[in-house]
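Since the structure comes first, as structure tokens, the remarks are kept for the end.
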Amino acid sequence: MSTPAAAEPVRDPGLQPERTRLAWRRTTLSGTVAAVLAIKTALHGGISVTGALVGALCCVLWLGFLALAHRRIRALAASPEPAALAPRQATVTILLTVALAMCGAALLF
Amino acid sequence: MSEFVRNVRLWFAPQEIRQEGGTPDYRFSLANERTFLAWLRTALALIGGGFAVDQFLPDLRWGWRVGLALALLAAGVLCSLRAVNHWVRCERAMRRGEDLPVSRFPAVLSLVVAVVALAMVFVVLVGWEG
């Protein structure tokens with residue numbers, strides 16, 4: 001007869017995976033605010049071809065951000081001791097952020 | 001500078017970082033990830049601020065408006081690139097059992113934000129007169 005404590009994986013009392021999951025949620029929220037502002041800028045003063053294209057690109061970037069966060073959140077939930085973030089995931093997150101800023105710079109002119 | 005190039009290569013090479021040292025306690029890696037995400041939120045806030053300057057200060061002269069917006073966007077880009085670089089360096093230091101890297105970046109960013117905020121105050125005051 002095994003005790004329930006031995007059968008179940010030890011739960012981290014510091015709730016590190018949960019805190020990391022919530023950090024990803026907060027980050028997607030920040031990303032959403034930035035994307036909404038970007039799309040507002042793109043559609044400001046009537047719809048032009050450039051504005052619509054850049055606005056659509058911002059939507060795609062935002063969706064990419066959500067997909068990345070969702071994958072990481074699922075990986076965090078899958079195991080009691082999740083693996084570290086892969087460098088490629090971190091890099092892609094940064095590239096999406098930089099692309100959003102580039103869209104902003106393009107819309108200023 | 002070559003150290004930076006080496007770090008940039010590590011951003012794209014997940015297997016290389018795993019070959020070094022031993023895997024640290026997963027909680028340390030998650031804490032490092034949360035710090036990375038916090039910096040990323042800072043970067044997103046700066047980028048959002050850039051869009052907001054462009055959208056919500058329409059009475060400003062074109063040069064000031066575009067200049068401030070570009071400064072905020074550039075700060076956001078720098079902040080996000082630095083976030084991933086610092087994350088890679090911390091992860092590697094933890095695997096090797098070294099001290100965590102120190103950085104001047106927080107101080108520099110604070111000063112830049114302070115300068116941009118002062119510029120905003122100045123520009124809003126002058127902009128309303130003109």
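Yeah, the Cβs are placed from backbone N, Cα and C, and that goes for glycine too.
Per TrEMBL, domain 'DUF202' is recorded for B:27-93. Look at TrEMBL and you will find B:36-56, B:62-84, B:105-128 tagged as transmembrane segment.
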For the domain 'DUF202' (B:27-93), residues assigned helix / strand / coil by DSSP: 62 helix, 0 strand, 5 coil
Outside the transmembrane segment (B:105-128), six or more residues from its ends: residues with CB under 8 Å to it: 42, 53, 57, 59-61, 64, 68, 71-72, 75, 79, 82, 86
